Amino acid sequence: MENLIALLVAAPLLGAAVLLCGGRRLDRSGHWLGTVLAAASFVIGVVLFLDMLGRSADDRALHQHLFSWIPVEGFQADIAFQLDQLSMTFVLLITGVGTLIHVYSIAYMEHDERRRRFFGYLNLFLAAMLLLVIADNYLLLYFGWEGVGLASYLLIGFWQHKPSAATAAKKAFLVNRVGDIGLSIAIMLMFTTFGTFAFGPVLSSVGETGEGTLTAIGLMLLLAACGKSAQVPLQSWLGDAMEGPTPVSALIHAATMVTAGVYLIVRSGAIFNAAPNAQLAVVVVGAVTLLFGAIVGCAKDDIKKALAGSTMSQIGYMILAAGLGPIGYVFAIMHLVTHGFFKAGLFLGAGSVMHGMNDEVDMRKYGGLRTYMPVTFVTFGLGYLAIIGFPGLSGFFSKDKIIESAFAKGGAEGWILGGVALLGAAITAFYMTRVMLMTFFGEKRWQPDAEGQPPHPHESPKSMTIPMVILAFGSVFAGGFFSIGDRFLNWLEPVTGYDHGHAPISAATVTGATVVVLLIGVFLAWAMYGRRPVPVTAPRGSLLTRAARRDLLQDDFNHVVLVRGGEHLTRSLVYVDHTLVDGVVNGTAASVGGLSGRLRKLQNGYARSYAVSMFGGTAVLIAVTLLMRAV
Amino acid sequence: MTGLTTLTTLAANTTSTGEAVQFWILGTVAVIGALCTVLMKRAVHSALCLAATMIILAVFYLANGAYFLGVVQIVVYTGAIMMLFLFVVMLVGVTAADSLKETLKGQRWLAALCGLGFGVLLITGIANASLKNFNGLGAANTAHGGNIEGIAALLFTKYVFAFEITGALLITAAVGAMVLTHRERTERARTQRELAEQRVREGRQLPPLPAPGVYARHNAVDIAGLLPDGTPSELTVSRTLRERGQIRDVSTQALEDLKALERRSEDRLGREGHGGPALPGDRNDSGRDGNDSGRDRGGSGHDQDDCGHDQNDSGRDRDEEEAHR
Amino acid sequence: MSPVNYLYLAALLFTIGAVGVLIRRNAIVVFMCIELMLNACNLALVAFSRMHGNLDGQIIAFFTMVVAAAEVVVGLAIIVSLFRSRHSASVDDASLMKL
C-alpha cells in the first residue's frame with residue numbers, strides 16, 4: 001500500500017512534464033489530461049485514506065523510501081515519504097480542491113490560448129505541494145516548498161503581458177525568498193544540531209537540545225511560515241498575487257499553498273512546544289495578522305483583494321491556533337480544511353461573478369446580481385455564512401474552537417488572544433457582509449467596460465458551477481462532520497497531541513459571545529452598505545480607511561524602510577568602499593610605488609655603488625658582532 | 001744557519017727594539033705606499049707604490065719568522081703579479097691618467113664614511129681581543145728543521161687536498177685567462193689585394209703611409225713628418241701612438257732650437273755681427289722655447305683636447321647638415 | 001713593542017684598500033687595491049701565526065697568495081677584454097647591470 005504514496009506526486013508531475021514539454025499538439029486535449037491526472041491523484045489519496053482508516057490509530061503512518069538523494073558520509077538526504085494523518089488531511093484537501101479547481105478552470109480559461117500551459121503549471125503546483133506535505137524530512141519539504149513557490153510565481157505572472165501581473169509575480173517571489181532563507185537556515189541549524197533532517201529523529205530528539213537552539217530554529221521556521229502564508233511582516237505579496245487567474249487565487253492563494261506555513265508549524269510542533277519564546281512569537285504574528293488582514297479586507301473595493309485580506313486574516317487564525325501549542329494544533333488544521341472549502345468556494349464564486357461581468361473586479365460596479373446568477377449567489381452565500389461563522393456551518397465550528405483555544409491558553413495571554421480572536425470574528429462578519437451586500441444586493445451599478453459594452457450578467461457554465469456546488473457542500477457540512485463526536489480531534493490527536501488547556505470561561509459562553517459579535521458585525525455592515533445606496537466612486541473615507549485601502553501602508557513601509565534604507569546603505573557602503581577601502585588599497589599601491597621609485601635609484605648599475613653598500617653592510621655586521629660580544 | 005736560528009728565536013719570542021724601529025719606519029712607509037696606490041693619478045704610479053708596499057710587507061713577513069712567505073711575497077707578488085699589472089697597464093695605456101673627479105654623487109663621502117667606520121670597528125675589535133700571550137714561532141719553525149720544512153710538512157700532509165685543489169684552480173685560471181683574452185678569428189683574414197681594393201673603394205690614402213719625420217737631431221717614430229706648409233701630419237705616426245696622443249710636435253721647436261743655437265754660438269764668438277735689433281725677439285723666442293718644450297712633455301693632454309675639439313666640430317657640422325636638410 | 005701592532009697595520013692597510021676600491025674608477029687600480037687588501041690579510045695571518053706559535057696561518061697566507069695569483073690572471077684578462085671591447089678601463093662605463 002505504501003508504494004502508492006509516490007504515485008500521489010508522480011501523477012501530477014507527469015501531467016506537468018507532458019503538458020509543458022508536449023507542445024502545441026496538446027493544446028486541444030491538454031486540460032483534460034491535467035484534470036484527469038489531478039483526479040487520479042485524488043483517487044489514490046482516497047484509496048490510501050480508506051486503507052488508513054482500516055488500521056488502528058497508532059499504526060496509521062505509512063513510510064516509503066524511494067531512493068537515496070544525496071548519499072554522503074554524515075549527510076544522508078533521502079527521497080522518502082511519510083504519510084500520517086496530518087499529511088493525509090492535506091493530501092485530500094489538496095487533491096480534492098485541486099481537482100475541483102482543475103474542472104472549474106477548463107471553462108474559466110476556455111478563451112485563453114495558453115490554457116495548456118496553465119494546466120501544466122497547475123499540475124506542477126499539485127506535485128510540489130504534495131511533495132511538501134508527504135516528505136519525511138525537512139530537506140525534501142524544502143524542495144516542495146521551493147516548488148510551490150515556483151508554481152506560485154509562474155501562475156501569478158501567468159498573464160505576463162500585464163506589467164502589474166509580472167511585477168506581482170516578482171514581488172511574491174522575492175518576499176517568499178525572505179521566508180525561504182528562514183527555512184534554509186532552520187534546516188542548517190537542524191543539521192548542525194541533530195545531524196539529520198528526517199522528521200522522526202529531529203522531533204524525537206528535541207528533548208535533549210538546549211532551548212536557545214530550539215528557539216532559533218523555531219523563529220526561523222516562523223519566518224518561513226510568514227513568507228509562505230503571508231503573515232506580518234511578509235504579508236505584502238498576497239494582495240498583489242490576485243493578479244493571477246482567479247482559479248489560481250482560489251487554489252494556491254486561498255486553499256492550499258498559503259497554508260503551508262501552518263503545516264510547517266504544526267509539523268514542527270515538538271520544536272515549538274519546547275521553545276515557548278518561539279511559540280509566543282508565533283501567537284503574536286498570528287494575532288497581528290488576523291487583525292491586519294481583516295482591516296485591509298474591510299476597505300478593499302476589489303472583490304479579490306477583499307477576499308485576499310480575508311485569507312490573510314483566516315490564516316492568522318490558523319497561525320494563532322498553531323502558536324497555542326497542543327491546545328490549538330488540531331483546530332488550526334481543522335480551520336485550515338474548512339477554510340480550504342469555503343474560501344475556495346468564495347474565490348470561485350468571485351471568479352464566476354467576474355466571468356459574467358466582463359472581468360470587472362470593482363464591487364462598487366456590481367450590485368443586485370443575485371437574480372442574474374442564482375447558483376453563484378447561493379454557493380457564494382453559503383461560503384459567506386461559513387466564513388463568518390454562522391452557527392451550524394463549517395466556519396462556525398472551526399473558528400469557534402480556535403477562539404475557545406485562545407481563551408484556554410490561560411492567564412492574561414489567554415484573555416488578550418481570545419479578545420483579539422473575537423474582535424477578528426466581528427470584523428470578518430463586517431467585511432464579508434459588505435462584500436455580499438455590494439455584490440449581490442442593492443441596485444445595479446453596472447458600468448460599461450473599456451470597449452463600451454454594457455455587461456450582461458449570466459450564470460456560468462456547468463463545469464464552473466458544479467465545483468462551486470461541491471465546495472458549498474463542504475462549506476456547509478464539513479465543520480459539523482468534523483466536530484460532532486470529535487472526529488477530527490481523534491483523527492489528528494495521535495500526530496499532533498492535544499491538551500484541553502485551562503478555559504477561564506465555559507465553551508458555551510465563548511460560543512455565545514462569538515455569535516453576538518458576529519451579529520454586531522453583520523448589522524454594522526448592513527447599516528452602512530445595505531440600508532443606504534453604495535456610491536459608485538469610493539468616498540474619501542477616514543484616515544484608517546485610506547490606510548487600509550493601501551494595505552495599511554505595508555508597501556510604503558517596505559519602500560521607506562527596505563528600499564530607501566537599502567539604497568542608503570548601499571550608497572554609504574559604496575562611499576566607504578570608494579574612500580576607505582580604495583583609499584587603503586590605492587594608498588598601499590601608491591606608497592609601494594613611491595618607495596620603489598626611491599629604491600630604484602639605489603639600483604644605478606654602478607658596481608662601485610653596490611660595493612659601497614656591501615662595504616657598509618660588512619661594517620654594520622662587524623658592529624653587530626662586537627655589540628653582541630660586548631653584551 | 002745559526003744566524004737563522006737566532007733570528008727565529010728572536011722573531012718568535014720577543015719583539016726587539018730593532019724590530020720596533022723597523023716596524024715604525026717601514027710601517028709608515030707601507031701606509032704611505034698604500035695611500036699613494038689609492039691616490040696616484042696614473043695607474044703606473046699606483047702599481048709602483050703598491051709594489052713598494054708589498055716589498056715592505058715581505059720584510060714584515062721575514063721579521064715575523066715567515067721566511068718562506070717573505071721570499072714568496074717578493075718573487076710571486078712583486079715579481080710576477082705586479083709585473084703582470086704593469087704589462088696590462090702598458091697595454092691599456094701607460095700615460096693615460098685618470099681623472100680623480102668623482103662622477104657618482106656622494107660616492108666619495110659614503111666611501112670615506114664606511115671606510116672610517118669599518119676601520120674604527122676593526123681596530124676596536126683588535127684592541128678588545130685578548131692578544132696578550134704569544135707562543136712565538138720558535139718551536140714550530142724548528143720542529144721540522146726549519147720554516148720551509150715545517151710549511152712543507154703541513155702543506156703535504158694536513159693541507160694536501162687544499163693544495164691539490166689550488167693547483168686545479170691555477171690551471172683553470174690560466175685556461176680561463178686564455179679563453180678570455182684569446183680572440184677567435186671568425187672570418188678569413190683579408191688578403192693584401194682585398195685591402196688595396198677596399199682602400200681604392202673608400203678613396204682614402206692610396207699610396208703607402210708616409211714615414212715619420214726624421215731630422216738631424218731627432219730620429220724617432222713619435223715625431224710627425226711635416227707637410228709642405230710646415231704643419232705636422234699625423235698620418236706619419238703609428239696609429240697606436242696617435243690614439244694615445246703621444247705625438248711629439250717639433251715643427252717649430254727644431255727651427256727655434258736652431259736659431260737659439262746660432263745665437264749662442266754668435267754670443268760665444270764675441271757678439272759680432274747683426275744680432276742687435278733681433279735680440280729682444282730672440283729672447284722672447286727662447287722664452288717661448290721653454291714653454292713649448294714643457295707643453296710638449298705633457299702634450300698628451302693637449303692633444304686629447306684637440307681631439308675633443310675636432311670631435312665636437314664634426315658633431316656640430318653634422319648637426320648643421322641635418323638642420324639644412 | 002707588541003706584535004699586535006702588525007694587526008693594526010693590517011687593519012689600516014685593509015681599510016685603505018677598501019676605500020680605494022670604492023673611489024677609484026680605473027679597473028686596474030681597483031684591482032691593485034684588492035691586492036692591497038689581500039696583502040693586509042696575509043700580514044694579519046702571518047702575525048697570528050706568530051702569536052699562536054704554529055704554521056697554519058702561514059699556510060693560509062700561502063694559499064691566499066696562490067688564489068690571488070689565479071684571481072689576478074683571470075681579473076686582468078677580464079680587464080683586457082673589457083678594454084678591447086669598450087676602449088676604456090673605467091668600471092663606471094660597465095654599468096650594464098642597469099637597463
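Every residue gets a Cβ built from N, Cα and C, even glycine.
Annotated by TrEMBL as transmembrane segment, the relevant range among A:6-25, A:466-485 is A:466-485. Here the transmembrane segment (A:181-203) has long-range neighbours at 74-78, 80, 82, 136-140, 142, 145, 209, 213, 216-217, 219-224, 226-227, 264, 267-271, meaning same-chain residues at least 6 beyond its ends whose C-beta is under 8 angstroms from one of its own. Outside the transmembrane segment (A:466-485) by six or more residues, the chain places 97, 100-101, 103-104, 334, 337-338, 341-342, 344-345, 348-349, 352, 375-376, 378-380, 382-383, 385-386, 392-398, 401 with a CB less than 8 A from a CB of the stretch. If you look at the transmembrane segment (A:315-334), the same-chain residues 6 or more away from its ends with a CB under 8 A from one of its CBs are 86, 89, 225, 229-231, 258-259, 261-262, 265-266, 269, 272-273, 279-293, 397-399, 401-402, 405-406, 408-409, 417, 420-421, 424, 479, 482-483, 488-489, 492-493, 496-501.
For the domain 'NADH-Ubiquinone oxidoreductase (complex I) chain 5 N-terminal' (A:69-119), residue counts in helix, strand and coil come to 29 helix, 13 strand, 9 coil, using DSSP. Where the transmembrane segment (A:248-266) meets the stretches A:31-54, A:209-227, A:414-437, A:610-628, the count of C-beta pairs under 8 angstroms peaks at A:209-227.
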